[in-house]
């Protein structure tokens, strides 16, 4: 036991081996991030400024936009900087923070989607009683419960993963502290505790835990970290007639130049 090395930093490895590919990867990540940032900020602005959209459904959609902004900002800005500068090291504390925040936003979005499903169920099946059932106080309580669930779950999740030192290796075969990769280098006790949490299983289905960087591994990770925040504004809002009408009203308020 005395000869074991306890790692306090991790080495992030990804598929981009050459310097040119790393810069290209950074540019792609930056474009996706800016697109997600723009789409979600536009969604928030339109919903907050247009009184026609002050309804429970759009209240929940605005919260989805906030969650998407948070989840993609946990991972992508650091990945862009690392790709552009060639830096690969991340401290144990930063890695734990990434895991905590990413898990928090994922759990929060899961809880919020359940609430939104109930909202749509009431709107479709009980339209005459919708205003009596989906009240402002119920919406606020549902959001508070969702945030509490996300905080508690992510705290338990992160505590389980980082309760024991890392002694196997400090190489993470991904561009950020991905949960399956942390499990790969953690002790068997931590792996057992983590697999009890069902959420990990939902993440692992995207593919096996890779022992070396691959394009498939990179694309699958990009899919669940970047695509939802980028696509949600398009799915929920930009194809929505009420949102488009609100956008038109917002632009017409600007003085003509």
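Yeah, the Cβs are placed from backbone N, Cα and C, and that goes for glycine too.
Predicted automatically and left uncurated, TrEMBL annotations should be read as such.
The transmembrane segment annotation in TrEMBL covers 23-46 (among others). Same-chain residues lying 6+ beyond the ends of the transmembrane segment (23-46) with a Cβ under 8 Å from its Cβ atoms: 14-16, 53, 61-62, 65-66, 68-69, 72-73, 76-77, 79-84, 175, 222, 226, 229-230, 232-234, 236-238, 243, 246-247, 250.
What TrEMBL records for 39-210 is domain 'G-protein coupled receptors family 1 profile'.
Feature annotation from TrEMBL assigns transmembrane segment to 58-76 (among others).
Counting residues 6+ beyond its ends, the transmembrane segment (96-118) has Cβ neighbours under 8 Å at 57, 60-61, 63-64, 67-68, 70-71, 74-75, 78, 90, 142-143, 145-147, 149-151, 153-155, 157-158, 161-162, 176-177, 179, 182, 199, 225, 228 in the same chain. The feature transmembrane segment is assigned by TrEMBL to 96-118 (among others).
Look at TrEMBL and you will find 192-210 (among others) tagged as transmembrane segment.
Here TrEMBL flags 222-239 (among others) as transmembrane segment.
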Non-local residues, at least 6 beyond the ends, that sit with Cβ under 8 Å of the transmembrane segment (222-239): 29, 32-33, 35-36, 39-40, 42-43, 46, 61, 64-65, 68-69, 71-72, 75-76, 102, 109, 176, 203, 206
